[in-house]
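All remarks here apply to the structure that follows.
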Amino acid sequence: MYVSSALTTRRQGAKARQGIMVLHSVHDLDPTEGTVRLYRFENSPVVLVPKPSNDPNDPLFWSRGKKRVAFLSVCWFAFLTNFGIGGLTPAFYLLSLEFGKTQAETGALLLWPVLTLGVFNFFWVPIANYWGKRPVFIFACGLLCACSMWGAVAETFESLLSSLIVAAFAGSSTEALGASMANDLYFLHERGSVMSTYMTFLSGGNTIGPLICGFIVSKYSWRWHKWLTFILAVPNFLAVAFLVPETTYVRYSLRPVDSDSGTSRGPTPRLVSRSNAEKGFGFGNAQGARSHLGDTDESDAGVNLPKKCWAEEIGLWPVVSRDTPLWKLFIRPFPLWLHPCVIFAFLAYAISLEMTVAVNILNPFVFQAPPYNWSPMVNGLINIPGLIGNLFGSVLGGWAVDKFCDWKTKRNNGVYEPENRLWLCIVPLIISGSGCLVFGYGVEKAMGWVSLLFGYGMISVALTAVPTITIAYVSDCLLPLNSDALMLVNGKKQHESVLVE
């Protein structure tokens, strides 16, 4: 439940009349709880959920190329955040010598930014819900460029650490909003594959970054890694500024309650409950606000809005619904912390992240010290099996889960249930759990490097598979509140992983 409330509809109306903040349950916003009919009958085309509106500016109406450019620009921003922060790990041993720091002190270069990535979700998401995602991404991309240059010229350990923390502050905007943007642009049946693309970019920065940094540190200096991040971040900033329109589109809002009659004013979207969906009586989703049977409501009749030109789309301050005060947007998400799907998602995500962060911090002090004595360049090669594991996990959590859910939906008379996604979580659980044992035992016994790299590859499977599955699951269950829910998942999992470290 978004928040439990025993108030009757009439009492809610009385509170609204008095100007008191009225709390609703998730069920009020979406009685389907993510359970919708995707197939009307056997071998029928898939039902589009959410259904596009009649507005030509609806992001669901955008061309495939326009969607890809916008989404991949934000994915690249997520990649560069982790590339610039996590990519420094092969240089940790040299940085500890250069600045005279211990292993634990040097590890702060990763731990504090990781914590910042999670904490400042709680800042960016309400801001984006109020002013729009576009101005947030433009500002954050510009700040990442500045922080990359700052890190490249840093003369002290404290200055370098500060640059990474501020860069993490900028990059934290993509932690929840990037996944939320996928929900703005794509339909339910595409969500798994799209989320896997986002998670591949997000995790790719943590694998490709150290791989490249190892060679840069050996040939030049760790500072050139930061300059490379700056060089890559500038065109990304330009792409976001000129090619990514606002994707926030209000499809559904809880109808205001009449203070006298206790009933909703105006046409109410026709929704389908879980029980009715199972009986085949409905075909909708609250976020779509209508069924996909060609039905329309009064709010849909006669819509003939002009299509925005490019100059209007790239305005810095897009028109976004601001019915809810900003201060309420900051406190609104927190009751969701008690929602079972949010609890499950952040715990699963935190465990998969913690395993990878632990190896990233530990491996330079293992491989660049006796008995291995690897150079940073060779040390960076540990990320090759990590990348392979990430790609396998991405396919498993995205394409494979979508296919599995499609099969389960057809066996369930065309009714899709979000819980279907969770079945395949057992695969990364077995693979990555075994990988922890292989890597840990190999380090303890100073075994051959093959076993350690193989173990890390197994661990990396969970880093993309588990978040892809759980984030898509949360989005399905809490679609009207997906940005709030994903903010809590990302913020809490970062906090938990740092505490474990």
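Just so you know, glycine gets a Cβ as well, placed from its N, Cα and C.
Record features, source TrEMBL:
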- 70-501: domain 'Major facilitator superfamily (MFS) profile' (DOMAIN)
- 258-278: region 'Disordered' (REGION)
- 69-95: transmembrane segment (TRANSMEM)
- 107-124: transmembrane segment (TRANSMEM)
- 136-154: transmembrane segment (TRANSMEM)
- 198-218: transmembrane segment (TRANSMEM)
- 224-245: transmembrane segment (TRANSMEM)
- 336-362: transmembrane segment (TRANSMEM)
- 382-401: transmembrane segment (TRANSMEM)
- 422-443: transmembrane segment (TRANSMEM)
- 449-474: transmembrane segment (TRANSMEM)
Under 8 Å for C-beta pairs, could you tell me which stretch among 69-95, 136-154, 198-218, 382-401 has the largest tally with the transmembrane segment (449-474)?
382-401
Restricting to the same chain and to residues at least six past its boundaries, which positions have a Cβ under 8 Å from a Cβ of the transmembrane segment (224-245)?
59, 69-70, 73-74, 76-77, 80, 83-84, 87-88, 91, 134, 137-138, 141-142, 144-145, 148-149, 151-152, 209, 212-213, 216-217, 308, 313-314, 318
Which range out of 69-95, 136-154, 198-218, 382-401 gives the transmembrane segment (422-443) the most CB pairs under 8 Å?
382-401
Checking distant contacts: for the transmembrane segment (198-218), what same-chain residues at least six beyond its ends satisfy Cβ-Cβ under 8 A?
71, 75-76, 78-91, 94, 174, 178-179, 182, 224-225, 228, 356, 360, 375-384, 386-387, 390-391, 394, 397-398, 460, 463-464, 467-468, 471
Mean predicted confidence [pLDDT] for the domain 'Major facilitator superfamily (MFS) profile' (70-501)
80
Given a Cβ distance threshold of under 8 angstroms, which distant residues of the chain, six or more beyond its ends, lie next to the transmembrane segment (136-154)?
74, 77, 80-81, 84, 124, 127-128, 160, 162-164, 166-167, 169-171, 173-174, 177, 223-224, 226-227, 229-230, 233-234, 236-237, 240-241, 244, 316
